[in-house]
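Participant: Here it is, the structure in full.
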């Protein structure tokens, strides 16, 4: 049996009782934290909550040794833990599908993810378009996909959730400031007037924590602000409903 379980967004208190109960029954627990990470806790605290040792897999072991994990699930009850919800990342979906193909029972234990936590903004969830990711630019690698996604969503009046790059092996987490700078760089190159320094956007910091940071303002002001510890995300606003306008006024710190 393979149990795919999410840990939630911020700390060990996000772990569901259902996950705790299954953890007691399984033979072994694996986890990965390269697609997302819980910044408010440690692996030791999660192990204490689940009352069992956890083997942490790096990116290579998850992507290239999934067959070994799946084969192990044929003979034993295995739990695979991820930050957020277990079925958001394509890699995790692939693991579940491959296990089912081989006749292994797969149980999925859902958990809070950025897609549910984004409700704290007061924005209407059905008005979000395609999600995009902003990554750290590298030599000969500067993808403009986020710009294209924002452009398409804005044409339909939709909001855009921009997830920011995570490189856990380097303990490197893109800040909202860096993400906004990347978008402005792409605009400077493309000059399609999709976004500029006066565009009003949202920044959400530490979603899922007791005291998340919610910030609203023009890019030129937000880009200089200290949003505190990660993780951050950015929301480019589409057409606002009057109730959403009220939410921005009363739920956010206006910068």
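All positions are counted from 1 along the displayed chain.
The backbone N, Cα and C atoms fix where each Cβ goes, glycine too.
Got these off Swiss-Prot a minute ago, pasting:
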{"type": "BINDING", "residues": "9, 85, 88, 113, 114, 164, 207, 232", "note": "S-adenosyl-L-methionine binding site"}
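Provide an account of the burial state, proximal residues and distances for the features listed.
Facilitator: Other C-beta atoms found within 10 angstroms of the C-beta of residue 207 (S-adenosyl-L-methionine binding site) number 22, with every protein chain shown included.
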Participant: Please give the maximum pairwise Cα distance, in Å and rounded to a whole number, for the S-adenosyl-L-methionine-binding set 9, 85, 88, 113, 114, 164, 207, 232.
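Facilitator: So the binding residues stretch over 18 Å, Cα to Cα.
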